[in-house]
Structures are given as structure tokens and as C-alpha cells.
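Annotated substrate binding site per Swiss-Prot: Leu75, Cys76, His77, Met113, Glu114, in sequence order, evidence recorded as sequence analysis. The feature active site is assigned by Swiss-Prot to Asp128, with sequence analysis given as support.
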Amino acid sequence: MSGLTHFDAAGHAHMVDVGGKQETQRVAVARGTIRMLPATFALIRDGKAKKGDVLGVARIAAIQGAKRTADLIPLCHPLALTRVAVDFELDDALPGVHCVAQVETFGRTGVEMEALTAVQVGLLTVYDMCKAVDRGMVITDVSVREKRGGKSGDWTAEDAAG
């Protein structure tokens, strides 16, 4: 892996010039988890949270988060996303909820940051909608799981782990 790309020779932050890169299909998948009390999990699972459909609202928030990534992360390029898909998986064993976001574009730079932002915003929305009953929820294990396209090629977390 090469050096940090967001700094020039003098050490000043700058937005990377992607003008000379080829446009290709870019895909990134990110995942994260929010752990909670069993009673909080039951409220979400049973659709009985006072604020409404927790996972439905969190899905919309995650999609919006992906779309607004360049507004939140200073050196991210604004991208025309072609797809944002967000899924939630209830996990009785934690108890908690896993969020998986897949983001796609046809462009000159990857969408890893958009996928990560989608997951974080989705999980933050779950926290916001349930914090009245459980302030101890923990957002954890947010990571890129897969990346496809671009000059550096395809990558998966499983392959990287060996």
C-alpha cells in the first residue's frame, strides 16, 4: 500500500486529484453492529418503539448518510451514487442489530467512505430512536467488508485476514 494520499509534499491536506483516473464501476460493502439490552431488542423486533419503525427510519437515514458523505468528510469527493442498499439483521444472540450497506457508482474514485457513512448513520439512528429506553447501546465493529473496481482492484476483508 502506498503512502497517505490526502497530504501534499509539504504535509498540507488536499483533495486528491482523480481527474486522470478511468471511470469504472465501483462497489463497496460496509457492516457494523449495535448491541443493546434484551428489552430494547424486543421493542425493535416487535415494532413497538415509541418513535415508530426503527429499522425503516434507520434505512432511510443510512441512504441519506451515504448521499451526504462529501458534506461530512472534508476531503471526500462528491459522487453521483447509482445505488445504495441497506439491510438490517436482527441478532438475538447479542442482542443487537447488524447493518450492512452496499454503495455503487460509476466513477473515478471508490465508495468505501459512503458505505461506512451509511452504516454509521443507520446505527446512530437506531441509537437515537431507542436511547430513551437504553442509553448503554454500543455501536461496534464498523468496517469495510468488500471493495470492487478501480485501479487497486477487488478486495475483501476475508481475503485480507488470510
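In case you wondered, yes, glycine gets a Cβ from its N, Cα and C as well.
Set side by side, the binding-site residues Leu75, Met113 differ in how many other CB atoms lie within 10 angstroms of their CB, and the most is found at Met113. Here Asp128 (active site) is positioned 21 angstrom away from Glu114 (substrate binding site), judged by their C-alpha atoms. The Cβ of Glu114 (substrate binding site) has 27 neighbouring Cβ atoms from other residues within 10 Å, across all protein chains displayed.
Between the candidate recorded positions, Cys76, His77, Asp128, the densest Cβ environment within 10 Å is the one around Cys76. A distance of 28 Å separates the Cα atom of His77 (substrate binding site) from that of Asp128 (active site). On a Cα basis, Met113 (substrate binding site) lies 22 Å away from Asp128 (active site). In the three-state DSSP classification, the residue listed as 'active site' falls within a helix.
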